[in-house]
């Protein structure tokens, strides 16, 4: 059985092409467990999670990447945020009926993919591509060609393992400033495309790589764990409350007696009463309950 929730980087020594392989199960379950999403929405979040994990592994600096789908369809928002430590969180917003067999375009409607790269130090970069491809992988490949002009292929699979949702994916990318022939890259992509969902989700990573590339010279690096981690906190909620007009905050307090701030990512609730609000206004952080 594979070790899920790990990302593996590898390098083709003879082609100056790098690769990544990731499988997720527990991380995906934690993202889904606080929501009653229809199955097609779960599938999209699984694909987004895999894609974000693969993309964050391409970062050469500390920071995070957000991959977001937006549109006018019944799923008008789906987003996964992850950082270079492979800590992930995500959420979707559903505002209409979802057909059981809805594909990506049916879910999102007229929309686009937004990729936001936020370094720990330096300026944020945002790229936007129209939802023109039939799959998320195709849209992201288009993004790479437009933004980084690096030949890139993504292969994403979703399914179940032992009755629990799981997903996996692989990325191939030509190394920057290398003279890899397109035919060589296409050859590796053709090999990778043969991966079956069952193989990717149930076999150890080294066996998957051997099955695909046993005739190539491949260096495999130590894996990196992938995990769910939400960055919400009582302090961040307090900071958000500072940005609201006092009249609005006082109105909620008068009506409800307290303010309940809910994190869509993890389901946590943070409650603030009148005394807490007074402390916030005095620039004092409210004590954790």
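Numbering starts at 1 and runs along the chain as displayed.
Every residue, even glycine, has its Cβ placed from backbone N, Cα and C.
Annotated features in Swiss-Prot:
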- 230-232: disulfide bond (DISULFID)
- 263-266: disulfide bond (DISULFID)
Packing count at residue 232 (disulfide bond) (other Cβ atoms within 10 Å of its Cβ): 17
Surrounding CB atoms that lie within 10 Å of the CB of residue 266 (disulfide bond), all protein chains: 17
Neighbouring C-beta atoms (10 Å sphere around the C-beta of residue 230 (disulfide bond)): 18
Neighbour count (Cβ, 10 Å) for residue 263 (disulfide bond): 18
